[in-house]
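Visitor: Pasting a structure here, questions to come.
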Amino acid sequence: MNDTEKPADTPSEEEDFGDPRTYDPDFKGPVANRSCTDVLCCMIFLLCIIGYIVLGLVAWVHGDPRRAAYPTDSQGHFCGQKGTPNENKTILFYFNLLRCTSPSVLLNLQCPTTQICVSKCPEKFLTYVEMQLLYTKDKSYWEDYRQFCKTTAKPVKSLTQLLLDDDCPTAIFPSKPFLQRCFPDFSTKNGTLTIGSKMMFQDGNGGTRSVVELGIAANGINKLLDAKSLGLKVFEDYARTWYWILIGLTIAMVLSWIFLILLRFIAGCLFWVFMIGVIGIIGYGIWHCYQQYTNLQERPSSVLTIYDIGIQTNISMYFELQQTWFTFMIILCIIEVIVILMLIFLRNRIRVAIILLKEGSKAIGYVPSTLVYPALTFILLSICICYWVVTAVFLATSGVPVYKVIAPGGHCIHENQTCDPEIFNTTEIAKACPGALCNFAFYGGKSLYHQYIPTFHVYNLFVFLWLINFVIALGQCALAGAFATYYWAMKKPDDIPRYPLFTAFGRAIRYHTGSLAFGSLIIALIQMFKIVLEYLDHRLKRTQNTLSKFLQCCLRCCFWCLENAIKFLNRNAYIMIAIYGRNFCRSAKDAFNLLMRNVLKVAVTDEVTYFVLFLGKLLVAGSIGVLAFLFFTQRLPVIAQGPASLNYYWVPLLTVIFGSYLIAHGFFSVYAMCVETIFICFCEDLERNDGSTEKPYFVTPNLHGILIKKQLVPQKQKE
């Protein structure tokens, strides 16, 4: 295409996307004389933060995290709480787990059976009647059985009296602790679900029950725990591993820092390390999954599906299924193919991205303080996350114990009514409904505060998202100001002022808090809409038809595209704010027009650079994830012994992997912001100047020559 055929220079396009910048001899980079922008949004933002602090204080007064850390028995007492009779009894035991199959489980959020705190779970099959027979010969049988009874229980009671008083379970069976609760110790034998090598067992009432019935009951309890916000139940694992998680995240931070420093000197070589490392790690994962899948083909029990075994306490059971490893292998193969195809089709653009990264390395070399800034972002994000988690836990555990009537037979007209366990046996309800129990149900209340707790949860989440996006926006604006100062210095480094990052950070806080809050508010609103959409999808999953599922899928896709597009525009708007000091809307408009006038350059440089850096993030997260997996599963010999007795190790593992990726993202975003700022400044440089003696370019000759070679500079600029 010759010059006359290029549509980029037509008047209509200039009219649509604004006039190009003109030469200004006084322009030397970020404007010093500024005024406050988007003041109204700044005031709203500050008021929301004040309200957030007040909410946290109120939640702290009313909440009790022990309710999340410890299970609660039928009397409302905590299991495992220090300084109480249950201090050494850390596990919750269900008298009759089979009752948890009742539909009232999800309706009342409580399994209609007595629950007590125990120090360990049963290890064998034994009924109460069998225990009484053995007790006459050996008193130790009662000593073992009484661990799972109330303190008032006596071994001489008849089975009828036992059922009436509800002092002991009629039968016990091999169990294991899961989420601090005794659940059946399931296993598979020749493709059949068993407990202790048995498929049938005695229920203590003269009947024979199937192990499958226990599986259904266990799944009912798991659904109940989901209804009570299962996320709070992992609090114990976090309490045991928080320092190991911090160590893993610190290692990720150091590793990311090392990569950033190496990018300063060996960007091209390091890219190949990223590429080979990511492809190698994924390839090893595929090979490992294939080996496991092949080995399991010889086991008959491995043909069961995940749906067949349901939700089980023994997580290793899932890794004994062919379906699990086959699914993992397919997912990894898809990821591997996508990465390889992107490397093949983007190989020429990747070369340009590496060149831009090298140029960005020079900028970081002149402004080395930018390598330290991610630590500040990490600290601020950690504060926001910790405050959100603590506030959410205290809100979720606010209230007083609420007790409700539970009738095991389900034939009591007073079922689900509130009651007082201290006087329940003397009330008319106990007489009208023999066998009814007054059990602990949940923590709640009828005060104004308790009525608005769901609203407070929404507010907590929304302000958290707003603060997270504000911290990210603040970092982007500060870094953009520092790198813009570098670019618009004619003689580098002589013309670069002292402390450019500190100056840019101070300007962003002093003058542009409102603009940054405005941009982050837009992102937070979009993210809230996405969360609400996912919540509705979860609640309405059973009532959905094909059309509604299709519409929800379309909405997810649209919101994802919208969020990423707004994030891209926001980043460039923050660059304009850092340079010119205008309000958010004006800066976003100027950035959009500038990008549209240089759309070819954007397509070649921007997203490809992010892809190169994305490989680095994957390598950091993957490396730390492998180490964390070996450590939390006790497969990595270390000087200090790792945490033991975790409910499930993937809680800290996923936290470390996800946190490592976020940390790597924070550090690599320095390079991403550097390249994007240099690119925006370069586009403005081409519009303001023509390379002559009177209007020299600010871009380095090396970068300018490379971009000309790659045909990223209009022909009129070459001449």
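Glycine too: its Cβ is placed from the backbone N, Cα and C atoms.
Pulled from Swiss-Prot, these are the listed features:
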TOPO_DOM  1-38  topological domain 'Cytoplasmic'
REGION    1-24  region 'Disordered'
TRANSMEM  39-59  transmembrane segment
TOPO_DOM  60-242  topological domain 'Extracellular'
CARBOHYD  Asn88  N-linked glycosylation site
CARBOHYD  Asn190  N-linked glycosylation site
TRANSMEM  243-263  transmembrane segment
TRANSMEM  266-286  transmembrane segment
TOPO_DOM  287-325  topological domain 'Extracellular'
CARBOHYD  Asn314  N-linked glycosylation site
TRANSMEM  326-346  transmembrane segment
TOPO_DOM  347-351  topological domain 'Cytoplasmic'
TRANSMEM  352-372  transmembrane segment
TRANSMEM  375-395  transmembrane segment
TOPO_DOM  396-460  topological domain 'Cytoplasmic'
TRANSMEM  461-481  transmembrane segment
TOPO_DOM  482-515  topological domain 'Extracellular'
TRANSMEM  516-536  transmembrane segment
TOPO_DOM  537-610  topological domain 'Cytoplasmic'
TRANSMEM  611-631  transmembrane segment
TOPO_DOM  632-649  topological domain 'Extracellular'
TRANSMEM  650-670  transmembrane segment
TOPO_DOM  671-719  topological domain 'Cytoplasmic'
Visitor: Please work out which recorded stretch in 266-286, 326-346, 375-395, 611-631 has the most C-beta pairs separated by under 8 angstroms from the transmembrane segment (39-59)?
Guide: 375-395
Visitor: Hey, which bits of the same chain come close to the transmembrane segment (243-263), Cβ under 8 Å, at least six residues off its ends?
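Guide: The answer is 270, 357, 361, 364, 371, 374-375, 378, 616, 620-621, 623-624, 627-628, 631-632, 642-643, 652, 655-656, 659-660, 663-664, 666-668, 670-671.
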Visitor: Using DSSP, would you call Asn88 (N-linked glycosylation site) helix, strand or coil?
Guide: coil
Visitor: Counting by DSSP secondary structure, give me helix, strand and coil numbers for the topological domain 'Cytoplasmic' (396-460).
Guide: 21 helix, 16 strand, 28 coil
Visitor: What else in the chain is close to the transmembrane segment (375-395), if you only count residues 6 or more beyond its ends and a Cβ gap under 8 Å?
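Guide: Same-chain contacts beyond the ends: 52, 55-56, 59-60, 62-65, 68, 232, 235, 253, 453, 456-457, 460-461, 464, 467-468, 471-472, 474-475, 662-663, 666.
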Visitor: Taking contact to mean three or more C-beta pairs under 8 angstroms, with sequence separation of 6 or more, is the transmembrane segment (352-372) in contact with the transmembrane segment (516-536)?
Guide: no
Visitor: Where among 326-346, 461-481, 516-536, 611-631 do we find the most Cβ pairs under 8 Å to the transmembrane segment (266-286)?
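Guide: Most Cβ pairs under 8 Å with the transmembrane segment (266-286) come from 611-631.
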Visitor: Let me check the 10 A CB neighbour count of Asn88 (N-linked glycosylation site). How many other CB atoms are there?
Guide: 13
Visitor: Taking residues 6+ outside the transmembrane segment (461-481), which of them lie with a CB under 8 Å of any CB in it?
Guide: 30, 45, 48-49, 51-52, 370, 373-374, 376-377, 380-381, 384-385, 387-388, 392, 500-501, 503-505, 507-509, 512, 516-517, 519-521, 523-524, 527-528, 531, 570-571, 574-575, 577-579, 666, 669-670, 673-674, 676-677
Visitor: Are there residues at least six beyond either end of the transmembrane segment (611-631) with Cβ under 8 Å to its Cβ atoms? List them, or say none.
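Guide: Beyond its ends, the transmembrane segment (611-631) has Cβ neighbours at 244, 248, 251-252, 255-256, 259, 270-271, 273-275, 277-278, 281, 339, 342, 346, 350, 353-354, 357, 638, 642, 652-653, 656-658, 660-661, 663-665, 668, 671-672.
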